[in-house]
Amino acid sequence: MGQKISGGVKTVSRNDSQSTFKPIIPRELQADFVKPARIDILLDMPPASRDLQLKHSWNSEDRSLNIFVKEDDKLTFHRHPVAQSTDCIRGKVGLTKGLHIWEIYWPTRQRGTHAVVGVCTADAPLHSVGYQSLVGSTEQSWGWDLGRNKLYHDSKNCAGVTYPAILKNDEAFLVPDKFLVALDMDEGTLSFIVDQQYLGIAFRGLRGKKLYPIVSAVWGHCEITMRYIGGLDPEPLPLMDLCRRTIRQKIGRTNLEEHIQQLQLPLSMKTYLLYKNRR
């Protein structure tokens, strides 16, 4: 699921039992799917510390009663097997500025008919009777339905939009167990990244709001983990940070630490290039 095939991502035709393969970034649309520089910068940095991940984890006080955060793993919640119920949980931290990225781990076998990931305000509903794509059902939330490949916002009044946008009607994008959510409150956009491939902007117009990570689930005993990757402030990066990024780009990510250690540089500079001064 989500395997790279000749630079693309696997898609499945709904009208054919045979798997079909096509590039996720067609040549004519390639510019639309270029990963924004700030996202690239953030993903090049070391992931957030455990303490910061816990700060941005699921909120055990802001959830459906059919959900609980695990005692032995505060980054993961468990949903009770309650029939005819759709259940949500919000993250602890409401985001108003900066770029933020978090990883969702949601096993494909635990998604069921309605599995939605996105963001919401503090007023978005967290429970409904029956099965539905609850995230994105009102004006207070924005969600990506992983099974339907649809984006929903105020879906009671507005139809869902296909995402990734390049999918044809007879294709379904298989979202793997792990993927990234990128919320840029400075630009007011929400986007997703799968297998290091940026899938384009899912939602716009989010500036000026206070938004929380959220998922809605229907599968009994499903367990979903959220791991905060990190954030970037709105201010431009210092010149030293930009120089570090340029050097790391020139070296490349393969065996990066080994290559940096071989450079004829002072230890303090090697430490800086490897971000070891941060943790």
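The backbone N, Cα and C atoms fix where each Cβ goes, and this holds for glycine too.
Worth saying up front: this structure is predicted, and the values here are computed from it rather than measured.
Taking Swiss-Prot as the reference, the stretch among 16-59, 60-103, 236-279 described by the feature region 'Involved in binding to the Elongin BC complex' is residues 236-279. As a summary of secondary structure, the domain 'SOCS box' (234-279) carries 27 helix, 0 strand, 19 coil according to DSSP.
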